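J.: Here it is: the structure, laid out below.
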Amino acid sequence: MTHPAAGRRPLVWALAGLTTVAYGALYYAQPLLAVATEHERGWTRAQTNLAFTLALLVTAFMAPAVGRALDARGGRGLLSVGALLGALAFTLLAASTTYVVFLLGWLLAGAAMALTFYEAAFTALGQQVQGAVRTRATLTITLIAGLASTIFVPLTTALLGQWGLKGTFLGLAGLLLLAAGVTWSGLPPERTRWSAAGPSVPFQPDPPFRTLTLAFTLARIVTVGIGLQLAPLLLAAGHSPALAAGLTGLMGLAALPGRVVFVPLLARFGALPLTTALFGQLAAGAALLHFAQNPVLAALGIVAFGLASGALTLARAELLAQRYPPEVFGAANGRMARPVNLAQALTPFGVGLLLTWTGGYSGSLWLLTGLGVAAGVALLAGAGFNRKAAGDQTVT
């Protein structure tokens, strides 16, 4: 007898492949592509950074509309179109000779990110599987996609060396085309749980949703802020470039086991207590980086931070899935994604201004530590709203 989950394996592997290629080509390859673009076309770092920031802003502002569209139409066509848009964007970037065309290419890439990153993939997944099967499938997708930087940074470096900038853009476009085909083949042709007309009751944000969104937005500021300044912080603390690079790499490595242990811990403690603890762990990891001169304490802080950061990817999806049914999951996920992705796009500017203003890393570390604590408080406040609502319903 075939296990019920076996029929979902093409779906899971297609989403894992799509998100791996999308994050690898559209996100992790960007710093290498930016440097090569600056050398070949004479543009400045400010110009390439502006283009990518605008792409992230497009992703953020599109997120609610993408979520509603996924609720109404399902994921097969939209996610496949997202990969095709990514291929088109990179083809345009390969052909670009003016900065305006370069900007247009990255704006198109931003639309592709909105349709191919975790938010869209998790919505498409939740339309087909629920409960423990969905949790395990989410883990599988994030474990594979978590290797995107490990795969695409050396791949992009090799392509730039062998094929040059134009050939690299076209090569990555080809991989996105392949991902589009795999997505179309692996996802079901239509949703099976409700009619294509969409949910009968539209999603309406309530106080628990707003506090949940605030919590994960603050957490994204913390993860982006620490990730940006970790390597220069370690160098400023007196560590050698080799040791600083090794310690920085621990953060990404720790994210994968963080996701693995999340599933059994979820079954034991529940999503809300576990996520609150993860926010506290983020804050603790940031606090330990105040003692970055000590390599042991720095390593402990980095590992703790990386474990929590990796697990929070699953925690966010789990909390939303437990609260909102599949019919409106896309709308809720997309509504949350806008401020979270805005934080990702704008945090580098805020951190840079703070470092310029204070002249060191201590102020930003204290701020990020405090924001990690505030994220946990916001999450608990949302739980309080839930209990109050339940009490009101009991009284009436």
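Keep in mind that glycine also has a Cβ here, set from the backbone N, Cα and C atoms.
Curation does not apply to TrEMBL; its annotations are automatic.
What TrEMBL shows for this protein is this:
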type: TRANSMEM; residues: 12-30; note: transmembrane segment
type: TRANSMEM; residues: 50-70; note: transmembrane segment
type: TRANSMEM; residues: 77-95; note: transmembrane segment
type: TRANSMEM; residues: 101-125; note: transmembrane segment
type: TRANSMEM; residues: 137-161; note: transmembrane segment
type: TRANSMEM; residues: 167-187; note: transmembrane segment
type: TRANSMEM; residues: 208-230; note: transmembrane segment
type: TRANSMEM; residues: 242-262; note: transmembrane segment
type: TRANSMEM; residues: 269-291; note: transmembrane segment
type: TRANSMEM; residues: 297-319; note: transmembrane segment
type: TRANSMEM; residues: 340-359; note: transmembrane segment
type: TRANSMEM; residues: 365-385; note: transmembrane segment
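Explain the structural surroundings of these features, please.
T.: Residues 30, 34, 78, 102-103, 105-107, 109-111, 113-115, 117, 119-120, 123-124, 127, 330-335, 337-342, 344-345, 348 of the same chain lie 6 or more positions beyond the ends of the transmembrane segment (50-70) yet place their CB under 8 Å from a CB of it.
The list of residues near the transmembrane segment (101-125) in space but at least 6 beyond its ends in sequence, with Cβ under 8 angstroms from a Cβ of it, reads 11-12, 15, 18-19, 22-23, 26-27, 37, 41, 43, 50-52, 54-59, 62-63, 66-67, 70-71, 74-76, 78-79, 81-83, 85-86, 88-90, 92-93, 95, 134, 137-138, 141-142, 145, 176, 179, 187, 313, 317, 329-330, 333-334, 337.
Same-chain residues lying 6 or more positions outside the transmembrane segment (208-230) and placing a CB less than 8 Å from one of its CB atoms are 247-248, 251, 279, 282-283, 285-286, 289, 302, 305, 309, 312, 316, 319-320, 323, 332, 335-336, 339-344, 347-348, 350-351, 355, 361, 364, 367-368, 371-372, 374-376, 378-379, 381-383, 385-386, 389.
Remote same-chain partners of the transmembrane segment (242-262), defined as residues 6 or more beyond its termini with a Cβ less than 8 Å from a stretch Cβ, comprise 139, 142-143, 146-147, 149-150, 226-227, 230-231, 234-235, 274, 295, 298-299, 302-311, 313-315.
Same-chain neighbours of the transmembrane segment (269-291): 215, 219, 222-223, 226, 230, 233, 262, 297-298, 300-309, 311-312, 315, 318-319, 322, 362, 365-366, 368-373, 375-376, 379-380, 383, counting only residues six or more beyond its ends whose CB sits under 8 Å from a CB of the stretch.
Sequence-distant contacts of the transmembrane segment (340-359) (same chain, at least 6 residues past either end, Cβ-Cβ under 8 Å): 53, 56-57, 59-60, 63, 213, 216-218, 220-221, 224-225, 228-229, 367.
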J.: Are there residues at least six beyond either end of the transmembrane segment (12-30) with Cβ under 8 Å to its Cβ atoms? List them, or say none.
T.: 52, 79, 82-83, 86, 89-90, 109, 112-113, 116-118, 121, 124-125, 137, 140-141, 144-145, 147-149, 151-153, 155-156, 172, 175-176, 178-179, 182-183, 185-187
